[in-house]
Each structure stands twice: as C-alpha cells, then as structure tokens.
Amino acid sequence: MNTSYSQSNLRHNQILIWLCILSFFSVLNEMVLNVSLPDIANDFNKPPASTNWVNTAFMLTFSIGTAVYGKLSDQLGIKRLLLFGIIINCFGSVIGFVGHSFFSLLIMARFIQGAGAAAFPALVMVVVARYIPKENRGKAFGLIGSIVAMGEGVGPAIGGMIAHYIHWSYLLLIPMITIITVPFLMKLLKKEVRIKGHFDIKGIILMSVGIVFFMLFTTSYSISFLIVSVLSFLIFVKHIRKVTDPFVDPGLGKNIPFMIGVLCGGIIFGTVAGFVSMVPYMMKDVHQLSTAEIGSVIIFPGTMSVIIFGYIGGILVDRRGPLYVLNIGVTFLSVSFLTASFLLETTSWFMTIIIVFVLGGLSFTKTVISTIVSSSLKQQEAGAGMSLLNFTSFLSEGTGIAIVGGLLSIPLLDQRLLPMEVDQSTYLYSNLLLLFSGIIVISWLVTLNVYKHSQRDF
C-alpha cells in the first residue's frame, strides 16, 4: 500500500513539475518581447501604433483562446488540447523566427503563438483540480502562482539581454523549450472520455471580428474599422440571445453593476499594460538607455516586486477588507503616474522606483478586483461571471497596448502642457502619464460606487 501511495505521489509531483514549466514559458512568451518594441520599430521603420501589434496580436488570441480551451476541455479532453496548444505555440515560434524580416509574418506568428500559449493557463488549473489530491491542491496552486510571478519578473531581463547582445528575433524561439514536456505529459495524463456538447463557433467568430476591428480602430482611427466592430458586436449580442449554450451568457448583460465593475477593472489593467509597453520607448527617447538596461535595470525590479506586493495584499485583504487594499493600490497607481509626468526628466533610476509602485499598485488591485466585482453576482451567475472577468482581464491588456501604441503616434499629444518639462522628447510621454492618472482615478470612483450599491442590494 505504501508503495502504491508513493508511486501515485511521485506521479502527481511529476505532473506538477511539467505544468510549472508550461506556466513559466506561457508568461515568458508574453513578457520578453515588450522591451524590444523600440528595436522592432527601428528595424521595420514602423510607428508604435503598428509595432505594438507584436504584443497586441499575441494577447488577442491568448485572451480568446483561454476562454475557448476552457469550454472545450470537457468535450475534447485536456490531454489533446495541451498537445495541440504546445504544437501550435512552437509552430508560431518557428514561423516568427524564420520570417522575422517580414513584419506581416511576424504579426501572424504572434497570433499563432497566442492561440497556442492560451492552452496553458486555461488547462493547467483544470489538470491540478483533476490530478492533484485535494489536500495538496492549495500548495500546487501556490507553486504555479509563484512560477508565473517569477516568469513575469525575469521576462523583461531575459528579453533585454538577448535582444541587446544577440537579436530580438531569438526571443521568438524561447517557447520551443515547451516541446520537451510533450512525451512526459502524454505519458502521465490519463486518456479521457470525450463528452458531447454544443460549442458556439459562430459566437466566437463574431466576437473575435468585433474585437480585432476595434483594436484596428484604436491604432489607425479609421471610422470604417469602428463601424465593422460595432456591427459585429450588435450581431453577436443578437446571436447569443438565441442559442441555447452561448459563448457569453447574455443574462450577465442585465447585471449593470457587474458589467460596469468588469469594465472599470479592465480599464485599470489595460492602462497599466499600456504604460508598461510605453516604458521602453520612453526610456530610449528620454534617457537613451539600451534594451538590456531597460529590461534589467528599469523594468526587472518592478516585475519582481509583484511577488512581495501580492503576498502583502492578500494579508491586508483578510485583515482590513478589499476596499482598503483597492484604495492603496489605486493611490500607488495614480500618484506614481502623476509624479512621473512631472519628473520625467530626472535620472533614469527614478523610473525604476515608479515602476515598482505601479506594478505594486496593480498587484493590490488585481488581488481585490475579483472580490469586488463578484459581490454584484448572484450565486447562479458566479461561474459565468468570473469566467467573463478573467477573459476581460486578459483582453484588456492587449487592448491597452494597442490604444497606447495609437496614442504614441498622434502628433497632437506631443505638445508641452506641464511648465516644468523642458526637453521636447518628454512632452508626449508626460502628457500620457497625466492621462493615465486621470483614467485610474475615474475608474476607481466608479468601481467604489458599484461596490457600495451591490452591498446594499445583496
């Protein structure tokens, strides 16, 4: 009996190790290219509005894919979907590396990478729930969470070093390492029984078209893109009201406090993601830093601090409540953006401190936003509501990157508004930082109002 138990325990640990590897490289794939955006812009002679699509393309298919894989896990089985995700992710890596001299091929490769990498966060948690014993699941989730945080932390440093000393195109090959997990996971994971079910393909296509054309509008400001986006969303809303098992539960649309809360949370997440994508451009233009310095010295300390702030935020939520932590997080964000807008011309290390507080504030906000938003849900809405929140969180990051890329390409914003800014290279970034601060404060006030109303109603 002890032998059987030890073998089972060994199998569970092996599964967990390979899941950690997948989780690490999933996050790394998202983070490493961010610091190289200015280099890519220079290589292709493209404005930020176009270059930011290197990250936006990945986040778009990544966010949609997480929802799709989650819904398909019962119908097709985790084993098949994980294998499919790994192969697609590696296929995108090869296309991107081989065709890195062609911008259209690079963007296509990032779309493909995102579609493959989406399988990892969507299915890893399901694997833990199904294969890891109940008494060990908390530790397993905690370990995977720490690995993800570490991936987010070291991603910019690794990306900066490789891009500076070798070439940014080699960053596209990093996800290829996940191929080593295939034989082990195929052996360790059991063969699953496929469950028949309806899958709303039409709904996914309509929603995806609406999202893609909206993002194209935010970078090109072409009205035709906006019209196509609006029409797609209108048809999508009409469609999900008719089908029996829609991709998005239309009943959630009637819960106004929930929808407003999700929107405000998404705006906060998107604003920070847009800011992080702007940092490499800003540090190159204002302080003439190298890609390695931006990744290792400027961004790395902030991304690593997320681990500490996340732990502190969890303790504060238990002791002081979610609103207290939200207020601290928003204060960190808004004050950091405001301070940076006034003191952008100071030494480059000042931005390192700013990023620590920005990402710390984001960590606090993420810790509590799900608690605050879920308070407006009825019990029968909880599953669909939280799935929509997770989907929106991922999608908002891609949207924020696209919008900020578009704003960086608008000459009208490159005007002197603050009297203390002397260097012309700071005007655009200073104005956007001021805008970010205002957006955070407005979103915070609306979220507070939603939470207070939901507390009265439930």
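A Cβ is built for glycine as well, from the same backbone N, Cα and C atoms used for every other residue.
If you check Swiss-Prot, you get these features:
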type: TRANSMEM; residues: 12-33; note: transmembrane segment
type: TRANSMEM; residues: 81-100; note: transmembrane segment
type: TRANSMEM; residues: 111-129; note: transmembrane segment
type: TRANSMEM; residues: 140-162; note: transmembrane segment
type: TRANSMEM; residues: 165-185; note: transmembrane segment
type: TRANSMEM; residues: 201-221; note: transmembrane segment
type: TRANSMEM; residues: 223-240; note: transmembrane segment
type: TRANSMEM; residues: 256-276; note: transmembrane segment
type: TRANSMEM; residues: 297-317; note: transmembrane segment
type: TRANSMEM; residues: 324-344; note: transmembrane segment
type: TRANSMEM; residues: 346-365; note: transmembrane segment
type: TRANSMEM; residues: 432-451; note: transmembrane segment
- Note on the structure: Listed stretches 140-162, 201-221, 223-240, 432-451 vs the transmembrane segment (324-344), most Cβ pairs under 8 Å: range 432-451
- Winner by Cβ pairs under 8 Å against the transmembrane segment (140-162), considering only 12-33, 81-100, 256-276, 432-451: 12-33
- Query: Looking at 12-33, 223-240, 256-276, 297-317, which one has the highest count of Cβ pairs under 8 angstroms to the transmembrane segment (165-185)?
  - Reply: 12-33
- Maximum Cβ pairs under 8 Å to the transmembrane segment (12-33) among 81-100, 111-129, 256-276, 346-365, 432-451 is reached by 111-129
- For the transmembrane segment (256-276), what are the same-chain contacts with Cβ under 8 Å, counting residues 6+ beyond its ends? 34, 299, 330, 333, 337, 355, 358-359, 362, 365-366, 369, 372-373, 376-377, 381, 385, 388-389, 392-393, 395-401, 403-404, 433, 436, 439-440, 443-444, 446-447, 450-451, 453-454, 457
- Message: Tell me whether the transmembrane segment (346-365) sits in contact with the transmembrane segment (432-451), defined here as at least 3 Cβ pairs under 8 Å among residues 6 or more apart in sequence.
- Response: no
- Query: What same-chain residues lie close to the transmembrane segment (297-317): Cβ under 8 Å, and 6 or more beyond its ends?
  - Reply: 31, 34-35, 146, 149-150, 152-157, 160, 276, 279, 283, 289, 324-325, 328-329, 348-349, 351-352, 355-356, 358-360, 362-364, 366-368, 371
